[in-house]
Each structure stands twice: as structure tokens, then as C-alpha cells.
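Taken from Swiss-Prot, the feature repeat 'ANK 1' covers 51-80. Sequence annotations record features per position, and here Swiss-Prot assigns repeat 'ANK 2' to 91-120. Under the heading repeat 'ANK 3', Swiss-Prot lists 135-164. The repeat 'ANK 4' annotation in Swiss-Prot covers 166-193. What Swiss-Prot records for 194-223 is repeat 'ANK 5'. Positions annotated as repeat 'ANK 6' by Swiss-Prot: 225-253.
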Amino acid sequence: MWDELPVELWIHIISFVENPVKLLTCNKFFLKFIPLHCYNKIIHTKFKKNRSKNILKIAVENGYINVVKHIDNLKKKKSILVQNPWIFGYDVCILFDICCKKGHLDLIKYIYSELVRNQYSKDIRVKIWDGLKTDDIKYLTSAISHGHYDIYVYLSGCIASFNYFQKKYIIHTIIKYRQLKIFRYLFRKAPKEFRYYALKIACRYGSLKIVKFLIKKGAKIETDNYFAIDIALSNHHYRTVKYLLSTLLDVKIPVYWTWLDVMNDLLGYYEDNDKIKNIMLRSNSKICDSSFKILSLEEITYKNINELFIGQKLNAKQHKNIIDLYISNYKNRESSNENSSIEHLCCVIKHLMENMELDSIKYIITETNLDPFIANFIHKQSLEINSFDTTIFL
């Protein structure tokens with residue numbers, strides 16, 4: 001019944017719409033009123049405000065496939081209605097990219113098939129590649145970044161093959177946007193040589209679900225001297241680090257990162273300390289004894305202070321969290337554990353002085369507010385170390 005109303009009445013109704021452009025694109029029935037908008041002052045004014053809103057683009061953005069088909073059909077018939085290029089003309093590549101981002105699979109299939117048909121090509125795979133110029137796999141990455149699994153599957157099936165660098169870029173994009181479902185699909189077809197590359201990228205972005213998936217599928221953590229753990233640590237993805245360490249029964253300490261550095265980073269991460277403790281218990285049996293299961297993270301650090309310092313240089317710049325921990329416990333020491341708190345801090349000071357870490361000693365003196373006991377201990381230690389001059393602190 002509504003389509004039987006006279007044109008004059010429809011023009012009057014449209015004049016009350018806040019944005020007539022949206023109404024005119026929601027159904028192919030309303031397209032015939034577009035040439036008449038200039039005859040109504042109110043509609044013309046509103047339409048002029050939205051002049052940058054291309055009718056064809058809006059129809060594609062909203063997934064109105066019937067409207068898009070109707071516009072194309074009118075163009076083929078060379079209808080006067082769609083002669084204005086500012087309203088009904090738009091670049092097909094941009095429209096295709098919009099569909100990939102918005103998730104309009106039916107429109108993607110339509111635009112794709114129309115492109116092939118118009119160019120009289122029998123090879124659909126080539127046309128999506130050459131006709132739409134997808135050399136930079138732009139449309140595929142648009143679908144990935146917006147999580148449109150069905151579109152990714154369709155487009156990847158339309159492309160004959162990917163070269164080595166395109167495969168790496170696609171893997172990188174999928175992991176960056178944490179698209180696990182798409183990654184699972186890709187993994188079934190990707191060669192094994194990309195597993196470790198994917199693990200490194202997943203550790204870089206902290207994509208824990210993808211990391212777990214790769215480990216279960218056989219990705220090797222120990223490759224390149226546990227470089228995946230190093231990447232996760234350097235990007236502060238401690239949940240990922242905790243998971244990687246928890247999958248290992250024993251870890252040989254890599255030459256370019258030390259357990260002292262790991263402990264400092266983990267102490268700076270105040271979530272799930274119990275899990276961190278359990279990881280340390282499993283990851284290095286020589287340092288962590290099973291009796292430490294009842295201890296806190298701080299107590300584990302204390303118990304292993306001598307082992308952690310072996311062959312390593314502690315300093316306030318690189319290991320501030322660890323030194324702050326000892327200073328804090330010294331300041332807040334109780335009678336029950338006073339001796340142990342003093343002993344721990346003295347052990348740290350002695351280690352720093354033996355390694356000539358003057359800035360770190362200055363830091364401790366400042367943070368302890370020139371504590372007499374600490375100052376006296378430093379002076380006594382300096383007498384044993386001839387090359388260490390305490391006058392620099394005066």
C-alpha cells in the first residue's frame with residue numbers, strides 16, 4: 001500500500017526526515033525520489049548538507065545489496081536517474097575494501113562476480129588479484145583486522161597463491177589483531193616453517209591464546225636459546241612469560257638474559273605472584289627447592305639471593321625492583337626477622353661494592369636516609385676493598 005502513495009505525498013513525508021540521504025538508500029523504491037529533491041527547499045537543504053555522502057557508498061556501507069544491484073541495473077540501462085557521478089559513482093576498489101571492513105560477504109561476492117563478468121575473464125582467481133590490484137593483500141588484511149572469518153576464507157580461496165613475504169605479513173596481521181579463529185584456519189594450510197615465526201610474533205604482541213595454540217601444536221620454545229621468552233619479557237607480557245616457563249620442566253639460562261633480570265621484571269608485575277612462584281619452582285630446580293612452595297615470592301628471592309648473584313652484576317638501574325624490595329624490608333623489619341632483613345640488605349651492599357656499583361650504593365644510602373648502621377657497614381666493607389673509597393659519599 002505504501003508504494004501506491006503519490007509522489008507529492010512522499011516528497012512531503014521525506015521533508016520531515018532528519019537525514020533524507022539515509023532514507024533514500026535503504027530501499028530501491030526511494031531511489032526514484034532523488035532527482036526530485038531539488039524541488040523541495042527543505043529536502044534540498046538537508047541533502048546539500050550531506051552532499052559528501054555518496055548514495056552508492058552509503059548503500060554499500062549499510063549492506064543494502066538490493067539497492068546496489070538496482071543502481072547497477074539502472075547504469076546498464078543508462079537511466080537518467082543515476083547519471084550524476086557525484087551521487088552514484090564511486091571507485092570499485094574502495095567499495096570492495098568497505099565491504100571487507102564491514103563484513104558484507106554477499107556484497108563482496110556480488111562486486112567480485114560483476115567485476116569478472118564486466119571484464120570478460122574466466123579466471124576469477126586472477127581477476128581478484130590483478131583487477132582489484134590486491135598486490136599488497138589490502139582487502140585480506142582489512143577483513144582480518146575486523147575479525148571477519150567468513151570473508152577471510154572466501155578471499156583467501158580466490159587468491160591462487162601467496163608468496164613467502166605475503167604469508168609472513170598475513171600471519172603478522174592475524175596475530176597482531178588476536179584473531180584466533182582465523183589463525184586456526186591459516187595454520188591448517190601454513191607450512192611448519194612458519195610455526196616458530198608465528199610464536200615470536202605472538203610473544204611480541206602478548207597473544208596468549210595463540211601462544212598456547214602454537215605450543216600445543218609443537219612450536220619449540222627452546223629455539224634460538226629461548227628467544228621467544230626474551231621477546232615476551234622485553235615487551236612486558238608477563239602472562240605469556242609465565243605460561244611459556246610453566247611448560248618447561250627445566251630451563252638452561254640463556255646467555256643474553258639472566259634470572260636476576262627475570263626476577264626484577266616479575267617483581268614489578270603485581271598480579272598472580274603465586275603463579276610466578278610456581279613457575280620459578282618448575283623452571284629452575286637448581287635454584288628453587290620444593291620446600292619453597294609455602295613461601296612468598298619475596299621469601300623465594302631471599303632464599304636464592306646467593307644463587308641468583310652468581311656470575312651476575314646487580315645494580316640499581318637495571319634491578320631497581322629487587323633492591324627496593326630489600327630496602328623496604330629493612331625499613332619495615334620486625335623483631336622476629338630483624339636479623340634476616342639486615343643480613344639480606346648487607347648481602348646486597350657487599351655484592352654491589354665488590355662490583356664497584358657506586359651509583360647503586362648512593363641509591364641505597366639515599367633511600368635509607370643515611371641510616372647509621374648502613375653507613376657504618378659500608379665503611380667497614382670499604383676497608384676490606386682497598387679500591388673502594390667511601391669519601392665520595394660524604
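Every residue, even glycine, has its Cβ placed from backbone N, Cα and C.
Beyond the ends of the repeat 'ANK 3' (135-164), by six or more residues, the same chain brings 96-97, 99-103, 105, 108-109, 112, 124-126, 128-129, 170, 173-174, 177, 179, 181-182, 185-186 to within a C-beta distance below 8 angstroms of the stretch.
Broken down with DSSP, the repeat 'ANK 3' (135-164) shows 19 helix, 0 strand, 11 coil. Of the ranges 91-120, 166-193, 194-223, 225-253, the one with the most Cβ pairs under 8 Å to the repeat 'ANK 1' (51-80) is 91-120.
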